[in-house]
């Protein structure tokens, strides 16, 4: 008997397929990992740009500005009292947005846990700003841009790993051919994946290239809490847009006719589909899941030749129609041409509810975080989300949203009336009466278009922004992609209008437009990168997506299905040539925009006088201005006097002094207990002692002074420090007159004669009349 011949198919699997399987496994891993590397590189570059720019003196010295002492005091309060004080940071124990200061406190505590030495207040302040501006903001902008690229026809790594899963979606600009597109699809997918990665790599770099944000926030004020909220805003925008997707998906699954008003397709471009039929528009033309209606349907006879799987898919559709009753949780089957990219494919009909709950919870969580960061940033959120709500939701949802906005606006008006008393509310033209225009109309428009960049990069960015907007609207796929593109253009237009009105015009209308942002140019320009960067990225993504779809539906004439040279018939050649012309034009457009993008990202790091000037101003504000202006917030003399005074009083005894002479910095510099640790301590609520002390000191009644001041420190003495006039740079503070009594030398001398004040240290060698007194409380 002859031995049985072993069939090669009976060989062990490991000997036959292990090597190919391993190679395929590693290839799949590389396809997933490699496109992420450019994005990671972009985030690293953005972080490096922020760190290199940051003025290093801020790590060890205070920024001498109006709001800086308040932020230092809030961090100091958390360091002394813990997180229990987070919701009562103000000196009168009222609420101030605490998130930035909580993060600073945690940074200091974590470093202290590992090193034994917590970060100083200034170091914690600086590290927190770098984290928010160099990490959180770029990552958030990348995430936001990735949302818009989802719907531009640019697939991610999963689609590139399985090209067959992405169906042939006919592009409206490409003419039909009898050529099979499958051979171009894999190459087009991989090219599109890399284009998506490159765009996401440049997004964080562009986000931190403009002086508008985050750099201005550190210079103006510094408005670090508001700036922190603006750095977190991209996350709230992202989850809110995903919430709109979830709402649209749920409405589509319910067959909601009001989604677009007239058709079964909702405003988000997702169609209501039944397993038994293909969704149609009002003219019975098939709609794909992006809301795109092909200009010309493929004849049924041609479908097998163009897509070998179409016959099998049709069979599955018929089966699904017959068994639809028990298939409520299965994904609806679609015509191959109508199918969306994997990233945009709706979830099964039982999944939208779960998705809605998830994204609703995420939006609520991010909204709560934003409220803790700075509630006023929600005005920016409403302004930027408004176009997307109008474009993508049914009218009932739009009406409900407007109702919420009106209610919120009414609550804000009531809050303003109750908190800030004024007789000018009825006359909007008198609001912000001290505001003066800072730019001409042409300058303000160019500034908005250029995203606050300088020189040549500014001009190039303006060109790229305009081209991206036009190309994006023209070539974005109909449905959600085009609505997103229009929404981005509208959001940018809203921000530009508010900005131009703020810096150029005067009167009631610009006052009302900019009132939610205090008509402050610095707060308003911070919105520009949130609109310009996604607009550029989305516009380029739409162009690249159109190019990918064009190449997926076209094959060179010489690459025919049977391997022979391409057809030369009069019917085929002109169509192929026309498609080739469209592809060539789109190739040129994408290449031009890519070159502009690279040039802007590179040149903006070299030609950046505005950013350099901002860093220089901050560095100057941290220096001691001895010999330049002795009546400034901090000088070498004032630093020495504060140091000696705290050494004499100790850190627990209360010191009364005008905070505007620079004494308010003693809290963060030497851990002193100042009665007025910030300029506007507010005498409402638990802060009654602030107003009572000012009034008692101004009264000239020594007994009243002692009755008011002596109970402050219980068993500890209370002190009074004179250290010169109010700083020149703080003269714009509207309530500066409340501290005038602390500079009345006649009144002070009278209190000394009566024993109300006892001089314990004379600092006359540092400044005229500078001295430290102890209140005569008998302790």
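Including glycine, each Cβ sits where the backbone N, Cα and C put it.
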Can you check which of 308-331, 428-451, 524-547 TrEMBL lists as transmembrane segment?
524-547
Of the ranges 353-372, 373-392, 553-572, 613-632, which one does TrEMBL list as transmembrane segment?
353-372
In TrEMBL, which of 549-576, 577-604, 633-660 is labelled region 'Disordered'?
549-576
Select from 155-173, 174-192, 193-211 the stretch of residues annotated by TrEMBL as transmembrane segment.
193-211
Range from 33-54, 193-211, 223-244, 455-473, 524-547 with the greatest count of C-beta pairs under 8 A to the transmembrane segment (353-372):
223-244
So are the transmembrane segment (524-547) and the transmembrane segment (33-54) touching or not, going by 3+ C-beta pairs under 8 A with a sequence gap of 6 or more?
no
Take the transmembrane segment (584-608) and find every residue of the same chain, 6 or more past its ends, with a Cβ under 8 Å from one of its Cβ atoms.
49, 173, 195, 198, 202, 205-206, 209-211, 453-457, 460-461, 463-464, 467-468, 471, 475, 536, 539-540, 543-544, 546-547, 550
